[in-house]
Amino acid sequence: MTDTVEYNGITLHKQSEYVWEITQTGEMRSPARVFASEKLLSEIGDDDTLQQLVNATHLPGITKYAICMPDGHQGYGFPVGGVGAMDTTDGCISPGAVGFDINCGVRMMRTNLSYSDVEGREKALVNRLFETIPSGLGGGGVISGDRKTVEAILTDGMKWALANGYATPDDLSHCEDGGWRPDAAPEHVSEKAKNRGEKQIGSLGSGNHFLEVQRVTDIYRDDVAAAFGLQPEQIVVLIHCGSRGLGHQICSDYVRKIEKGHPELLAALPDKELAAAPAGSELATAYYGAMCAAINFAWVNRQVIMHQTRQVFAEIFDQSPQALEMELLYDVAHNIAKKEVHTVNGRDRELYVHRKGATRAFPAGRKEVPEAYRTVGQPIIIPGSMGTGSYILRGGENSLALSFGSTAHGAGRVMSRTQAKKQFWGETVRDELEETQHVYVKAQSGATVAEEAPGVYKDVDEVVRVSDALGIGDTVARTFPVCNIKG
DNA sequence: ATGTGC
């Protein structure tokens, strides 16, 4: 067994199975850690991910270590699959360490249907979903909101959806934070961002965003699966999307403002894409408030899409959503920074926990876990590709000690979008999925299907195996796609 | 990810 490996001039020391550490040297303010198998590490070491991880340790107030999850790959400044916790009094907050698509995330809805109820009707289902849920760039939203609507959504999150007939009380109680971030400050969201949001309430977007009907194929932990209401052959729906142009605009706005407003901090960082506002500064407060507003917007976006999905199922299966028991299992955020209290060296500290392409994974007992799941741990939903299926996990016992209560968020790309389009042809990918796997895909553009072909992703099984072995997120169930709509 | 931008 090797104890040390090197990628692109960066040396990693093996601490234990699946834990690799980069020693603190030079201007680094902490060590860095990668959670990966040797195979996943070799993929992570293939691009600039490790250098970005080292760069992240230069951020003021970074606590314990910067972390790269097993699905990590390079992103804007900070790795996708990265976790960085910075003190809220003497640390900083960085838009690049949250990501452009603020509260990009995934939610899963249960049904009481079985795969046999859907078999043979996949095409009708996928066509109606595609017609009813706007997707792709542009394309508009389910609701064409005015300025007042957008501001209410930014302020109230899913409470707005409840008041306007798009949600049930149970939806809110089964969402992270009850679907509402009270720290939202719409006054710090630009007019331009609000304008973009008005036309996008209830829209899937493009890229890796999708809605997928799936069937449960495997159960690994019977007691937790029961608490999550999951059983073999059950039909579930996965919705993956974010805050669309609104969140993107907020990120762009604040990257620029922070670059200009805090040049001294910027000069001390190895990459200007990490631009950060010092904790306590006006820009830190403004960005945090705007980002929380975008979090609320993304939750409403997924909620409205879920509402549309309920209507389509009601129509196709000729029963009400209530009769079909179409209930929200959970909703997880992939791109956020959040004030959380963590115990560091025996002391409770409030930190901006940045999770970019990483998921919260709180174990049983944490007060933030919804009551329904508090004795088993929060649900974690990890989407794989269209050809491999997805996983449901629960927050693991070791997550607070190892990863500030976080785990991976997906399979992670192994290939750029440009490379994917050279290697795959959308129609061929679609036909193969339908003929060999009985997966029905409908997309706005063939290019998107090529960019999201199963072959562009890492092995989701291995990502999840690492999470489970480390005890940061434990596998509960596995699903396989039935049909999928995307931009 | 994204009305794919200085």
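Just so it is clear, glycine is given a Cβ too, placed from its N, Cα and C backbone atoms.
According to TrEMBL, the feature Mn(2+) 1 binding site maps to A:Asp101, A:His209. Marked as compositional bias 'Basic and acidic residues' by TrEMBL: A:177-199. Summarising the annotation, TrEMBL assigns region 'Disordered' to A:177-201. According to TrEMBL, the feature GMP binding site maps to A:208-212, A:334-335, A:383-386, A:Ser390, A:409-412, A:Lys486. Residues or ranges marked as Mn(2+) 2 binding site by TrEMBL: A:His240, A:His334. Per TrEMBL, active site, GMP-histidine intermediate is recorded for A:His409.
On the structure: features taken from TrEMBL.
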| residue | record | Cβ contacts under 8 Å, 6 or more apart |
| --- | --- | --- |
| A:Asp101 | Mn(2+) 1 binding site | A:Gly242, A:Ser243, A:Arg244, A:Gly247, A:His248, A:Asn335 |
| A:Asn208 | GMP binding site | A:His240, A:Glu452 |
| A:His209 | Mn(2+) 1 binding site | A:Cys104, A:Ser135, A:His240, A:Cys241, A:Gly242, A:Lys486, A:Gly487 |
| A:Leu211 | GMP binding site | A:Leu129, A:Ile133, A:Leu204, A:Val237, A:Leu238, A:Ile239, A:His240, A:Ile305, A:Thr309, A:Asn484, A:Ile485, A:Lys486 |
| A:His334 | Mn(2+) 2 binding site | A:Gly99, A:Asn103, A:Cys104, A:Gly105, A:Val106, A:Gly242, A:Arg355, A:Lys356, A:Gly357, A:Ala358, A:Thr359, A:His409, A:Gly410 |
| A:Ser385 | GMP binding site | A:Ala411, A:Glu452, A:Ala453, A:Pro454, A:Val456, A:Tyr457, A:Val460 |
| A:Gly412 | GMP binding site | A:Glu43, A:Pro70, A:Asp71, A:Gly72, A:His73, A:Val80, A:Gly81, A:Gly357, A:Tyr457, A:Lys458, A:Val463 |
Quiz prompt | Secondary structure content, the region 'Disordered' (A:177-201) (per DSSP, counts of residues) | solution = 14 helix, 1 strand, 10 coil
Quiz prompt | Position of peak Cβ density within 10 Å, selected from the binding-site residues A:His240, A:His409 | solution = A:His409
Self-check item: Cβ atoms near A:Asn335 (GMP binding site) (within 10 Å, other residues, all chains)
Solution: 29
Quiz prompt | For A:His240 (Mn(2+) 2 binding site), the three-state class that DSSP assigns | solution = strand
Quiz item: Which state, by DSSP, holds A:Ser385 (GMP binding site): helix, strand or coil?
Solution: coil
